[in-house]
Amino acid sequence: MFMSGTKTVAVKLTEGNILKKMLIFAVPIIIGNLLQELYYIFDTLIVGQTLGDIKLAAVGATSSLVFLATGFIIGITSVCAVLTSQFFGAGDDNRMKKSVASHIVIALISTVVLTVGFVLLAKPLLILLNTTSDTFAYSKTYLTIIYGGLPATMLYNVTSALLRSVGDSKTPLMLLLLSSVLNIGLDLLFILVFGWDVAGAAIATVISQGISALLCVVYIKFKVPFIIPNKESFKGIKSMIGDEFKIGFPMGFQYSVISIGMMVLQFFVNGFGSSAVAAYTIGNRVQLFLQNPLNSMSIVMATFAGQNAGAKRYDRIKSGTKKGLLLCLAYSVVIGVLAWIFAEFLTSIFLSNSDPITMKYSIEFIRWNCIFEWSLGMLFIYRGVIQGLKDGVVPMIGSVLEVLMRVLSPLIFSTTLGFASVSFAGPAAWSASAILMIIVYFHKFRKLKRTGTL
């Protein structure tokens with residue numbers, strides 16, 4: 001435990017046993033991210049089981065468009081965890097509060113722009129993706145509601161990132177667990193009892209995340225007040241806002257670029273028909289759920305690297321990177337084998353019928369994506385460390401590389417391999433970006449050894 005002023009913080013990552021501290025910090029984040037993904041899993045499962053394949057495909061057809069907005073939010077709010085963690089690690093309370101004040105300003109501006117912009121663009125984006133006519137109306141309804149709820153998404157991600165930056169990963173987990181249970185109940189109430197169809201699934205998601213966000217705010221106010229900025233914290237922060245935006249925008253853009261790759265992929269999937277869209281929806285949900293521990297480790301590594309860079313403990317960063325990498329590779333091997341064996345069972349959970357085309361495509365997608373989880377694990381570890389060192393440009397370049405690989409796979413091979421070209425797109429993207437991150441990581445530490453600076 002670590003004291004900041006008179007308040008206790010859960011985990012200080014600049015001291016103590018590295019693996020133990022990483023695991024203590026990581027487990028709540030992993031569970032929390034799994035619960036967050038369950039928001040969308042339950043939407044997909046309940047829609048598929050109660051409303052049929054067409055409406056399942058309609059919800060699934062929006063996934064890349066939802067991530068286009070939420071991904072940018074996740075990216076830009078991750079600056080909270082990186083920069084605040086560095087000031088926290090350095091013991092600089094004044095700059096830490098100014099950093100939080102800057103985050104608040106950036107978040108408010110971004111929320112207004114993103115919410116208004118994406119609500120207006122919902123229909124044009126669906127048209128751009130060649131959304132099938134039998135799913136279009138349902139997709140538009142679902143997407144518009146999710147976009148309208150972006151303020152809740154922003155608030156939750158900002159507050160949870162701030163808590164993680166000072167070592168508290170347990171509180172966001174507990175609050176998210178509460179809202180996840182609420183989400184399941186509201187899904188069933190709105191769809192089965194009120195008959196609100198796909199709109200009910202979207203409304204349940206927005207309300208649940210909004211409650212989680214508000215509870216995070218209340219917790220910070222009463223339990224972690226030392227990170228709350230005062231009036232003085234908002235003075236003279238123009239340059240800090242500019243600096244943080246320079247780092248935050250590439251991070252947000254990085255996630256949005258990945259989403260653009262997903263959108264292009266969705267365009268090709270839509271061309272294979274509704275069965276392929278349903279299969280991609282199921283396969284993507286399973287794959288995203290299973291990769292969450294890896295994604296969580298990226299958050300852990302960014303915070304770990306941020307705190308230790310602030311304390312100038314570069315030796316711990318290198319050691320922590322090795323340990324994080326071993327954890328991710330071990331998980332990837334186990335999950336790859338299990339996903340290959342149980343792919344058919346995982347697909348059947350989401351379907352109310354046994355459409356052979358949907359089953360075939362979904363099994364294929366799950367197997368090929370999960371067996372290459374090891375490359376995704378390497379990408380997340382090295383990218384997280386690089387972000388923790390306040391480098392937002394290289395991860396953004398890596399994201400552009402990912403998009404190129406996601407586009408090239410179906411573009412070149414769709415006519416000969418069909419849906420398989422979609423299944424291979426993700427692994428190709430991860431591998432290419434991982435290679436870039438590894439090269440940059442070792443370059444940075446060679447520079448550190450040679451010059452004494454990163």
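Each Cβ is built from the backbone N, Cα and C atoms, and glycine gets one as well.
A TrEMBL annotation is a machine prediction, not a hand-curated record.
Within the same chain, residues 10-11, 13, 63, 160, 164, 167, 169-170, 172-173, 176-177, 180, 183-184, 187, 205, 208-209, 285, 288-289, 292-293, 295-297, 299-300, 303-304, 320, 323-324, 327 sit at least 6 positions outside the transmembrane segment (22-42) and bring their C-beta atoms closer than 8 Å to a C-beta of that stretch. Marked as transmembrane segment by TrEMBL: 22-42 (among others).
For 62-88 (among others), the entry in TrEMBL reads transmembrane segment.
Long-range contacts of the transmembrane segment (100-122) within its own chain (CB-CB distance under 8 A, at least 6 residues past either end) are made by residues 65, 68-69, 72-73, 76-77, 79-80, 84, 140, 143-144, 147-148, 150-151, 154-155, 158, 162, 227-229, 233-234, 237, 240-241, 244-245, 248, 252. Look at TrEMBL and you will find 100-122 (among others) tagged as transmembrane segment.
What TrEMBL records for 142-163 (among others) is transmembrane segment.
Residues 31-32, 35-36, 38-39, 42-43, 46-47, 50-51, 160, 203-205, 207-209, 211-212, 215-216, 219 of the same chain sit 6 or more residues outside the transmembrane segment (175-196) yet have a Cβ under 8 Å from a Cβ within it. What TrEMBL records for 175-196 (among others) is transmembrane segment.
If you look up TrEMBL, you'll see 202-222 (among others) marked as transmembrane segment.
Summarising the annotation, TrEMBL assigns transmembrane segment to 255-282 (among others).
Marked as transmembrane segment by TrEMBL: 288-305 (among others).
Annotation comment: TrEMBL describes 325-346 (among others) as transmembrane segment.
Annotation source TrEMBL lists transmembrane segment at 366-386 (among others). Within the chain carrying the transmembrane segment (366-386), a Cβ under 8 angstroms from the stretch's Cβ atoms is held by residues 283, 286-287, 290-291, 294-295, 297-302, 304-305, 317, 321, 324-325, 328-329, 331-333, 335-336, 339-340, 343, 346-347, 394-395, 398, 420, 423-424, 426-427, 430-431, 433-434, 437-438, 440-441, 444, all 6 or more beyond its ends.
Per TrEMBL, the feature transmembrane segment maps to 393-413 (among others).
Among the features that TrEMBL reports, transmembrane segment is placed at 419-442 (among others).
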With the transmembrane segment (255-282) as the reference, which stretch in 202-222, 288-305, 325-346, 393-413 has the largest tally of C-beta pairs below 8 Å?
393-413
Take the C-beta pairs under 8 A between the transmembrane segment (288-305) and each of 62-88, 142-163, 202-222, 393-413. Which stretch has the highest count?
62-88
Using a Cβ cut-off of under 8 Å, list the residues of the same chain at least 6 residues beyond the transmembrane segment (142-163) that approach it.
32, 58-59, 62, 65-66, 69-70, 73-74, 77-78, 80-81, 84, 100, 103-104, 107, 110-111, 114-115, 118-119, 122, 125-126, 169, 171-172, 176, 198-199, 201-203, 205-206, 209-210, 212-214, 216-217, 219-220, 224, 227
Long-range environment of the transmembrane segment (325-346) - Cβ separation under 8 angstroms, sequence gap at least 6:
22, 282, 286, 290, 293-294, 297, 359, 362-363, 366-367, 370-374, 376-378, 380-381
